[in-house]
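Take a look at the structure set out below.
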């Protein structure tokens, strides 16, 4: 046995911290413009509509879904510095393109679509990041390292909108540099800041990052990605096949976890506007606060779960996390008798508070003729009559909504960390780049399909059907977890090289 030297240990963890930074910057690249995409799109291309906005938002996940397996495959056969630097450089170039999408005289919306897709493509390096961390940590270090990685990702999602808010002080006009054909304003400054962070990341990768690998017990091993910089000395024992049933099951579970969270994020604004008669501004503001609190809650959970997993094990915590998510969506089901306020488009900002479904016996045409006082605002609020379910589905009380937010904000980070940790342990010492790429791709696919699913079901059938189906999906995932529970063990434990 070769004991890890102190210098190797320090170099290994310095490299892991660079991976944390890369994960953080990847999530910042997504969230730093998310609040300003729609007004910027309207400014540069008046022909763009809300449906095209959906494609722009989805293009990030599509790009990441395509790139993750490719970068993962690359990292399996070459030094990881290569895909890390190239992917980050793509993100930097894409952010610069985004800052210049106002320059062309036509088709500006397609340039923005391309820029966001390329930013997502560059974010495919998260597969490389997680595969490196999986190979550079022992089993006892793995859960903590994966939790730190997810925490950095969560902090990036939280701070991205904060950076965006700070840049709004520049204003819509900002400063124009004619010799560069650049408008530095509240829309372009955030992406240029993101590009600067990407350049710093590339410099740190060259200066600090080194290839290191340890086995499940923490001993130095020879890395297939070694470029001669490290002191790795032992060939790792990779005999034995990967349990592909466990691998597929964890991919499915991870898809479900990100699917239900994407549904939760997507439905927040329309649900609160329909149920509580919030205006667009109120819905964005209040839900922004709620999501920020959930983000802080998630970071706290990431830190706690590192300690808790040492006592209970990852499988039990994953099971508990899914149960918490199930309870969170179950609480969201409409249970009361009070119906939501109805939005009558003929009357400005009017709503009819109702408490009994017997009022539905009144003809719709006669209700439309009722003259209600107007507050003279142009924006109607309440549940739109075009959604037929608004007329007979009880409202979801604010207490239900907030309780659900807390539970889902607790269950999601638990499931996220545990699925990544179990996945890396099941794969064992074999190169994990491609497998991590597929896991990242499944998560990206979930973020694409989740909003599409919930927007269709919610609009046409209402929250009762939407959240009942989500509960059914989570119950099915719990059954799948029960079926494969005994197979979700570390590679080394499976082949008797060490005890669980």
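The backbone N, Cα and C atoms fix where each Cβ goes, glycine too.
Here TrEMBL flags 15-489 as domain 'Major facilitator superfamily (MFS) profile'.
Positions annotated as transmembrane segment by TrEMBL: 16-40 (among others).
Annotated transmembrane segment per TrEMBL: 52-72 (among others), in sequence order.
Counting only same-chain residues 6+ beyond the ends of the transmembrane segment (84-101), those with a CB under 8 A from a CB of the stretch are 22, 25-26, 29, 33, 44, 67, 71, 108, 111-112, 114-119, 121-125, 128-129, 181-182, 188, 191-192, 194-195, 198-199, 201-202, 205-206, 209. The transmembrane segment annotation in TrEMBL covers 84-101 (among others).
The transmembrane segment annotation in TrEMBL covers 113-133 (among others). Packing against the transmembrane segment (113-133) from elsewhere in the chain are residues 15-16, 19, 22-23, 26, 29-30, 37, 52, 55-57, 59-64, 66-72, 74-76, 80, 83-84, 87-95, 97-98, 101, 145-146, 149, 153, 420, 424, 431-433, 435-437, 439-440, 444: each is 6 or more residues past its ends and has a CB under 8 Å from a CB in it.
Under the heading transmembrane segment, TrEMBL lists 154-171 (among others).
Taken from TrEMBL, the feature transmembrane segment applies to 191-209 (among others). For the transmembrane segment (191-209), the residues of the chain that approach it from at least six positions outside its boundaries are 14-15, 18-19, 21-22, 25, 28-29, 32-33, 80-81, 84-85, 88-89, 91-92, 95-96, 98-99, 163, 167, 184, judged by C-beta separation under 8 angstroms.
Per TrEMBL, transmembrane segment is recorded for 245-264 (among others). Sequence-distant contacts of the transmembrane segment (245-264), counting only residues of its own chain at least 6 positions beyond either end whose CB sits under 8 Å from a CB of the stretch, comprise 318, 322, 325, 329, 408, 412, 415-416, 419-420, 422-423, 426-427, 435, 438-439, 442-443, 445-447, 449-451, 453-454, 466, 470, 473-474, 476-477, 480-481, 483-484, 487-488.
Per TrEMBL, the feature transmembrane segment maps to 284-305 (among others). Taking Cβ pairs closer than 8 Å, the transmembrane segment (284-305) reaches residues 35, 143, 147-148, 150-151, 154-155, 157-158, 161, 265, 268-269, 272, 278, 317, 402, 405-406, 408-410, 412-414, 417-418 in its own chain, all 6 or more past its ends.
What TrEMBL records for 317-336 (among others) is transmembrane segment.
Proximity of distant same-chain residues to the transmembrane segment (401-423), defined by a Cβ-Cβ separation under 8 Å and at least 6 residues beyond the stretch ends, is recorded for 130, 142-143, 146-147, 149-150, 154, 247, 250, 253-254, 257-258, 260-261, 264, 271-272, 275, 290, 293-294, 297-299, 301-302, 305, 309, 314-315, 317-318, 320-325, 327-329, 331-332, 435-436, 439, 488. Feature annotation from TrEMBL assigns transmembrane segment to 401-423 (among others).
Under 8 Å from some Cβ of the transmembrane segment (435-459) lie the Cβ atoms of residues 54, 57-58, 61-62, 64-66, 68-73, 120, 124, 126-128, 130-131, 134, 242, 247, 250-252, 254-263, 266-267, 270-271, 387, 420, 423-424, 427, 465-466, 469, all in the same chain and six or more residues away from its ends. TrEMBL lists 435-459 (among others) with the feature transmembrane segment.
The transmembrane segment annotation in TrEMBL covers 465-485 (among others).
Long-range contacts of the transmembrane segment (154-171) within the same chain: residues 23-36, 184-186, 189-190, 193, 288, 292, 295-296, 298-299, 302, 413, each at least 6 residues beyond the stretch ends and with a Cβ under 8 Å from a Cβ of the stretch. The recorded stretches the transmembrane segment (52-72) and the transmembrane segment (16-40) share 3+ CB pairs below 8 A when only pairs 6 or more apart in sequence are counted, and are therefore in contact. In the predicted model, the domain 'Major facilitator superfamily (MFS) profile' (15-489) has a mean pLDDT of 82.
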